[in-house]
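These features come from Swiss-Prot:
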type	residues	note
BINDING	H83, H182	heme b b562 binding site
BINDING	H97, H196	heme b b566 binding site
BINDING	H201	ubiquinone binding site
TRANSMEM	33-53	transmembrane segment
TRANSMEM	77-98	transmembrane segment
TRANSMEM	113-133	transmembrane segment
TRANSMEM	178-198	transmembrane segment
TRANSMEM	226-246	transmembrane segment
TRANSMEM	288-308	transmembrane segment
TRANSMEM	320-340	transmembrane segment
TRANSMEM	347-367	transmembrane segment
Amino acid sequence: MTNLRKTHPLMKIVNSSFIDLPAPSNISSWWNFGSLLGVCLIIQILTGLFLAMHYTSDTMTAFSSVTHICRDVNYGWLIRYLHANGASMFFICLFLHVGRGLYYGSYMYLETWNIGVLLLFAVMATAFMGYVLPWGQMSFWGATVITNLLSAIPYIGSDLVEWIWGGFSVDKATLTRFFAFHFILPFIIAALAGVHLLFLHETGSNNPSGLCSDADKIPFHPYYTIKDILGVLLLILVLTSLVLFSPDLLGDPDNYTLANPLNTPPHIKPEWYFLFAYAILRSIPNKLGGVLALVLSILVLALVPFLHTSKQRSMMFRPFSQCFFWILVADLLTLTWIGGQPVEHPFIIIGQLASILYFLLILVIMPITSLFENNLLKW
């Protein structure tokens, strides 16, 4: 009798994706982050669902409904902090996943990579709208500042901002629609992740060497299922440690103050995972220029496959490219630090230099370095 998992219409899809999938025998722990992102998404959807049962998207009651969740709902505090810190874990995994793709040349799978960039935008949009929902000071002012950036768009800017606000300022209408979008987007992200996997399984996984691994494949189960479970356990360990020992470590104290349109906080800043983009935005004195730089800071990832000039796919055997890759990582960490600092000397100039270096590295330095390495190999 034929195995049911190979014949049943639904089970054979699961089988070909997670059980009998041929995988390269040498993929390292850097390939764990795809499954970790899936786990993060499931955690976020489940905790978000339970939070939505008690949350009210009204300016008068939003803040107190979050307080009610933490104080009166059974394990409400746990669900709320799992959701808030789960977002941070999501972004840590995302950045490491993208970094892995850049280092090992995974961007050469064009469709998979482009869906990934789209996913990054969708997750960032979801996280931004989620940050507005508790209706604290930083929620309100963060929403005001970021949505106001759209007014930099010529001709239609002002109308567009008022259309998004649903009025003349961030108010009840804005909060209600942000809640609606924040609820629906994770399901769209889940669907996109399915498409991401579909395209990936058309080509098969890349591997650290960047070479074709068709001659040496192993089944996904049990080898990589066990490996992924180890990653998931470590992720849950870090997340629960964060939630149970210092749940507010990555949050902003200002968000424990009810939103007040008449009182601007001294330093408006987003969550830590947006700080690098926020630093790039702030480093350009012109409003429209800043908005373009902000969008390009993520959109530049879509250009990476077209800037690949090396004869080798992976950076594994390219020491000079490796060097510039780690400079790029250091530059992003610098931008993250600058994004959390006040707009004053010397932070302004450091932010401007780090922003220029970010675009220079991706668009100019790394492609030229790859050409230089080709010559070293007499190719």
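Note: Cβ is positioned from N, Cα and C throughout, glycine not excepted.
Here the features listed in Swiss-Prot are painted onto the structure.
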residue: H83; record: heme b b562 binding site; contacts (Cβ under 8 Å, 6+ apart): Q44, T47, G48, L51
residue: H97; record: heme b b566 binding site; contacts (Cβ under 8 Å, 6+ apart): F33, G34, L37
residue: H182; record: heme b b562 binding site; contacts (Cβ under 8 Å, 6+ apart): G48, T126, M129, G130, L133
residue: H196; record: heme b b566 binding site; contacts (Cβ under 8 Å, 6+ apart): T112, I115, G116, L119
residue: H201; record: ubiquinone binding site; contacts (Cβ under 8 Å, 6+ apart): S16, S17, L21
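Packing against the transmembrane segment (113-133) from elsewhere in the chain are residues 55, 57, 62, 66, 87, 90-91, 94, 98, 101, 106-107, 139-140, 142-143, 146, 170, 174-175, 178-179, 181-182, 185-186, 188-189, 192-193, 195-196, 199, 270-271, 273-274, 298-299, 301-302, 304-305: each is 6 or more residues past its ends and has a CB under 8 Å from a CB in it. Scored by C-beta pairs under 8 angstroms, the transmembrane segment (347-367) has its highest count with 320-340, from the stretches 178-198, 226-246, 320-340.
Between the transmembrane segment (226-246) and the stretches 77-98, 178-198, 288-308, 320-340, Cβ pairs under 8 Å are most numerous for 77-98. With a threshold of 8 Å between CB atoms, the same-chain residues lying at least 6 positions outside the transmembrane segment (320-340) that come near it are 99, 102-103, 269-270, 272, 274-280, 282-283, 310, 347, 350-351, 354-355, 357-358, 361-362, 365-366, 369-370, 372-373.
DSSP assigns H83 (heme b b562 binding site) to a helix in the three-state reduction.
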